[in-house]
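Asks: Starting off with a structure, shown below.
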Amino acid sequence: MLQDSKVVVALDYADEASALNFVDKINPSQCRLKVGKEMFTLFGPEFVRKLVARDFDVFLDLKFHDIPNTVAKAVAAAAELGVWMVNVHACGGKRMMEAAKAALVPYGDKAPILIAVTVLTSMEQEDLAQMGVNITPAEQVIRLAKLTKESGLDGVVCSSQEASMLKESLGKSFQLITPGIRPAGSAAGDQRRIMTPVEAVAAGSDYLVIGRPITQAESPMQVLTEINESLVS
Ligand SMILES: O=c1ccn([C@@H]2O[C@H](COP(=O)(O)O)[C@@H](O)[C@H]2O)c(=O)[nH]1
């Protein structure tokens, strides 16, 4: 299926019917779909299978963070679901990330893209300081992104505010998946390191993860269409 859009819609709905009502109105050329902790916990792998069966590229955003053996098994289970992308926390360390990557080798070119979360886009300097991390979010992001690349992964989750710096130091092919995207005028909510869709793409984001500005809009389809049109160069 031809995938044109850089938008990954975060399907953070509390009920399956609302999620499928939105999905039924779109096609895979308009966006990819992200299933996170809320919907996976509520509706499990069967919900993911339904989206994959509709030909959508699915990002399974469960942010695995555990011992290497457990994460490797979880990532392989994600590959069995046929998802397009899966992630772990870079804070799990190099051995954990290497184990996750190795677990995908048997899937060859059917393996999902494997990325690692650096610093959550909801976090700012004060949040890091409270955890004893006394550097800026950007410094922590580059540190974890370098470790992710050394571990053989395909890219990172970061904010678009770090995108140009990461592209410059880690190269064009290292994928940058950026939540914390807010079209002008939409509420930031709990997000802290944000950018508009147009700014994010200009900064070097490869994929834009967008949830509430689309899913909570009066007309989600209209917002998605407007964002896609704003990104056509
Ligand atoms: O650093 C991160 C990592 C993941 N997320 C996820 O992205 C979406 C964002 O949703 P919005 O409604 O657009 O804020 C959400 O599912 C998060 O779990 C993130 O925001 N930041």
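Just so it is clear, glycine is given a Cβ too, placed from its N, Cα and C backbone atoms.
Straight out of TrEMBL:
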| type | residues | note |
| --- | --- | --- |
| ACT_SITE | Asp61 | active site, for OMPdecase activity |
| ACT_SITE | Lys63 | active site, for OMPdecase activity |
| ACT_SITE | Lys63 | active site, proton donor |
| ACT_SITE | Asp66 | active site, for OMPdecase activity |
| BINDING | Asp12, Lys34, 61-70, Thr121, Arg182, Gln191, 211-212 | substrate binding site |
| DOMAIN | 6-227 | domain 'Orotidine 5'-phosphate decarboxylase' |
Asks: Sequence gap of 6 or more, Cβ distance under 8 Å: name the residues on the same chain that satisfy this around Pro68 (substrate binding site), in order along the sequence.
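Replies: Listed in sequence order: Gly92, Arg95, Met96, Glu98, Ala99, Ala100.
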Asks: What's the CA-CA gap between Lys63 (active site, for OMPdecase activity) and Gly211 (substrate binding site) in angstrom, rounded?
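Replies: If we compare the Cα positions of Lys63 (active site, for OMPdecase activity) and Gly211 (substrate binding site), the gap is 17 Å.
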Asks: Just checking: which of the recorded positions Asp12, His65, Asp66, Pro68, Thr121, Gly211 have a C-beta under 6 Å from ligand 1?
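Replies: Once distances to ligand 1 are taken from each Cβ, Asp12, Thr121, Gly211 fall under 6 Å.
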Asks: Asp12 (substrate binding site) to Asp61 (active site, for OMPdecase activity): how many Å between their Cα atoms?
Replies: 11
Asks: Please identify, from the recorded positions Asp12, Asp61, Asp66, the residue with the sparsest Cβ neighbourhood, meaning fewest other Cβ atoms within 10 angstroms.
Replies: Asp66
